[in-house]
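Listed in TrEMBL for this protein:
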- 1-28: signal peptide (SIGNAL)
- 28-255: domain 'Peptidase S11 D-alanyl-D-alanine carboxypeptidase A N-terminal' (DOMAIN)
- SER61: active site, acyl-ester intermediate (ACT_SITE)
- LYS64: active site, acyl-ester intermediate (ACT_SITE)
- SER117: active site (ACT_SITE)
- LYS225: substrate binding site (BINDING)
Amino acid sequence: MSRSSLPDPARRLLLLGLLSGAWPPARAAKQPPVEAKAWLLLRDGRVLEAHNADSPQPMASLTKMMTALLVLESGRSLDEVVAVPAAAARDTGTRLGLRAGERMTLGDLLAAAVIASANDACRALALVLAGDEQGFVRRMNARAGALGLEQTRFTNPCGHDDDRHFSTARELAALALAVMRDPRYRRLAATSQTTISSRDRPPRVFALANRNELVGRHPGVIGVKSGTTPRAGRCLAAFAMRGEHSALLVMLDARERWWTAGALLDQALDGDAAAR
């Protein structure tokens, strides 16, 4: 049975086992060198290999997995049209270039945040849903607590560097599994390229390219999120499926992110590193 076909109680057991460390790393075949401050590799929900997996680290835009989860759990229609708040239009880093007052659907803002990692779209979601950023951050931390993420703290919805904003590879893996349960997130995370448009007249069209360079290029990869900041370095949560098996890899502050991730996912899914 594949992980995706597990009933909810079984999925909860997988999350509990992952977070408690109840399953020690399974022995694996010789693996490629992993130059990352912290990382964790799972096959079918079970840990294969890990390094510093419980050490709190900056997480960059892997933060957006929690923002997306809250949007999807909010009950708001993704077809709802909202105005981009001025504060969101001023956000920095990776961005679409949204304008204050521009009209977008929640679904298109979510697509921009997940696929293109756009900070202006991400912050717009937070402000629209909670009214202010700190209110949304409180929701993020409350949801982290409900998921059992005891070493995860959020101070912003996008992943900007902050000493008080951190998580662990193990807890980010649990968050990735939680958000990937939603088929709407899975569709976005597996999209390599698409376009969205504003609801203004005339509309502005935005081209989105997935910042996770494994999507559409490495066999079986269907998500989850990538991110980079000066303090966090290159971060990645990558999920892949082949046949009846799934693999999830989380890497924080990784040097050779794409090549190493592809090699580790191949190792996990090709059967050489079957969990025992």
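The chain as shown is numbered from 1 upward.
Cβ from N, Cα, C; glycine included.
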Cα of LYS225 (substrate binding site) to Cα of SER61 (active site, acyl-ester intermediate): how many Å, rounded?
7
Among all chains shown, work out which of the recorded positions LYS64, LYS225 has the most CB atoms within 10 A of its CB.
LYS225
Where LYS225 (substrate binding site) sits in the secondary structure, as DSSP reduces it to three classes:
strand
Any idea what the Cα distance is from SER61 (active site, acyl-ester intermediate) over to SER117 (active site), rounded to a whole Å?
7
For SER61 (active site, acyl-ester intermediate), list the number of other Cβ atoms lying within 10 Å of its Cβ atom.
27
Sequence gap of 6 or more, C-beta under 8 Å: which same-chain residues meet both conditions with respect to SER117 (active site)?
SER61, LYS64, THR94, ARG211, LYS225, SER226, GLY227
